[in-house]
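The structure appears right after this line, and notes come after that.
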């Protein structure tokens, strides 16, 4: 038979039995379900073949789903006139599966059309539907379109409409029909729900669609409860869900208040209640709810959690993290009103003018009228004015530059708004008074001033920033608490905490401004301005949120991308503008202000207008998908390893919607040209079981039927989960089962009564709905193997599965990866499989021998582990033979340390005198070290930070997945052009152009790997401030150790891009009774260069010369013991191990108690057990575990990775070695 690369247990998509990789790669079920020779090009053909053989089992649900989808797709095409595209296909797939969901898609993606067709499809099947629109005009338009569609589709439809545009007679007739239940569909507005809910509640609706979720909340948040009841949710279920939500709210407040006892109580109570809720919901046959539109931040009421708790999804927010805006600025002239109107004339219609106060806005409108310009104010919503603006009758609208302004958040006209003008830099201006307190203003102030604070003041600022950030989601509750406190009303524990924090913030800011030294530092800083108006001090800081939201009106997502917009800031305050630029650049990598005079306005406006035309054509139906020849809104599922990475990626594109698939969270966002879902595999999804005897009997029987006897000579593949036949080798992988926080690879170990989490099934459940799956696992052989397993596991369900690779988790890197997918690299996969099989044969085999000989089941051995243990043992034993001493001497006021043998120490103790001679003094150029590789980072983490290697590796993983550093498993020192640009920005800003010296390092290295470096030009103090202030929002909470590790990565990288240092070096001979010791000391620095950031050669005082009396301060025997840092250096130098295994090897040695780790520098001292184990392995298996053989095997693996060695030949050689060197010992 043809040799499959691997076999997988429990993985046939149809029967759940074993299956080989070749079958999965062809999209086929196992050969038990379909015999060899079966051909299939799609899952539909597979299902047809299975049904013909009467073998259809696990794929039966897919058959029903595909049938429903095809019926819906044909129905859609018949009515609309063209096929569904991108996002519509995704929504249709969910709809026919009876799933409720949020529609995450931009203007022109066909949301309303889909909702109307889904409504007709439901009605055709005898189901009842309810459509809710935000306005009467939209409801009327949808109703008319629904009737047109019904006529086209030949659907007999009883449709009702109720809204304010109807006549009184029409309203009466509609209500009477509603009373009689004589309808299939009701089209109405969000205002109708609370007014007529008693009437509506008589009916259960099978399909409910809300065209604008935000409008539902504006009417009343209780509309959420009402919609759920209309879907069939009982009062009991609703009340249970509300209890869960209330407990969640209490839990968060208890966490904010620091009440740990209450947190624990609420946590336990909530877990029980959630389990009860899940049981109740499963008993109900609920209708389908489709929530269209995003939520304004202010609308994110906790009642929205009802959707998550009952329907399994969460509604997302607006994609304000996406922008395609040209940011320009110009200095304010003496007459800013005339300057503004001149800009309006130059830029044309479709403008918004943001002003700091109403008085200036009204003056601009009045002067515009005098000049014949059609400009109106929009300080409050004015429907007629907005409609005139949309029709092009007004050139611009004037509104307040505030995040609460109707023109900043309450307007979305992507086909109309072309540009915005900020008359003055948007800013917070406040006096430090309790009654003027604002969380955003104080957060901005504290973040911007922390850089001029030191010691206790900075600590207090950071603490307050953290407390205010945690209170920010409860801003309204905080204001209510302040009001209650001022009135002397009774306060809850949360109220008291909020009031205490606010008072502390106001008092602290006051104390800063009253401190003359700090006030002067603030006044001379470039981030905060203090202004004196009518004798009172005001604080001025940039309002970045308003700028982002306001300028974002010009750049909106639509079905085709992100429209281009223009923003012009008339700068009235250079200092506040500088702070605005700085913070904007930290939030958006691409953001950069250019002077208006340097911009090509004609080209910019041409690009802006091209997008507006496209948007209008889509909105008015003149541009259908086929006209472009491309699928504008493709649907993508990206699978990464960790939930942290998944959340980080999703958050690049706005506040994601959330879907829960069998306990696995999937984050959904729109990128403009795609609907992107991101989820995590939780690491590897397959592993070799410890023995085939420990898997399900049926699985084992099927394998035996295919491969025959598992034995091959004296080798029994059942013991190693690797089947060996004359025709080749077949590793057998089992699913990794997750149950109650534990992980299992053997079936028999799963606890009774526990239904394990099947990650692959959860991902399959979502993958079947999308067009494309992208596998975004780590860029190394381990990540490639995970991608390979996912590819095979999903292949029967999805035709288009590709691999994406990124070495940093940044928005730029993710977009580049999305645009450049590739296939799975089978050379990397094969190398990883060989490593795993080699470890199973050699490591597992040697471990069994050790366990038998030493009668200890906890012992282990491995090819890499053993020579590393040997270095530790040999070094330690050598130190016992040749004893030397560290001696610390004091001569005059200078201390020196020497290393001397015992006889010299005896002379020194007796005479207490040394002779010191200055041999030479020279200036020496010291070049910076290259940026970190994995081993170097771990060495410094151990030596400088006192962290263990495995803990440092976990911290680095967190930093990578949070988007703060590049990939941390690397042996490359190469720096990309993007990395050099980051270094340039930081170094020039901090130290000037002259210190910057770009180096790409590692020019001769192959591949795309790069050194470990930061992804942004922000040092650790800036990072701490940005995280505390909420400017940078991460998926995890950073600890002190995270910051420490980031700091050394940042400093090392920046140093690698700086000028060399020039130091003064003194060379001495120290003579003790004829024994001469040579010393070198750096005694001065002529030019700091890179050592400004990264001290490589600390300066020591010069030594006095001549014959000197000394005081012996201390001495001790030097036991030459390797530290973790020393071992890491040896592993890299001698080619033993890989970046991904360095820390793991050290961890295993300590875990098995072969060494114990002690001290800040993590010295590795061999134990008696460790020494005995090494001696045994060296004597019995010296050749097998020798350093040379281990290095050669590593070279084999590397050669497989790059396609220079054949997988089959290497694994055959390893098997031969195992059979000759290890197997005889096991047999005996």
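Keep in mind that glycine also has a Cβ here, set from the backbone N, Cα and C atoms.
Range with Swiss-Prot annotation motif 'DEAD box', chosen from 199-202, 203-206, 207-210, 211-214, is 211-214. Residues 1-41 are the range that Swiss-Prot records as zinc finger, among 1-41, 42-82. The separation of residue 641 (Mg(2+) binding site) from residue 12 (Zn(2+) binding site), Cα to Cα, is 23 Å. Considering only the binding-site residues 88, 112, the Cβ with the fewest other Cβ atoms within 10 Å is that of 112. Counting only residues at least six positions away in the same chain, the Cβ atoms of 641, 786, 967, 969 sit under 8 Å from the Cβ of residue 778 (Mg(2+) binding site). In this view, the densest Cβ surroundings among the binding-site residues 12, 30 belong to 12, judged by other Cβ atoms lying within 10 Å. Secondary structure from DSSP puts residue 88 (ATP binding site) in a helix. The distance from the Cα of residue 15 (Zn(2+) binding site) to the Cα of residue 88 (ATP binding site) comes to 31 Å. Using CA atoms as reference points, the binding-site residues 88, 110, 112 were checked against residue 33 (Zn(2+) binding site), and the closest is 88. Cβ neighbour count for residue 110 (ATP binding site) (all protein chains, 10 Å cutoff from its Cβ): 24. The average pLDDT for the domain 'Topo IA-type catalytic' (825-1223) in the predicted structure is 91. Neighbour density around each Cβ, counted as other Cβ atoms within 10 Å, peaks among the binding-site residues 15, 33 at 33. Around residue 641 (Mg(2+) binding site), taking its Cβ as the centre, 22 other Cβ atoms fall within 10 Å, counting all chains.
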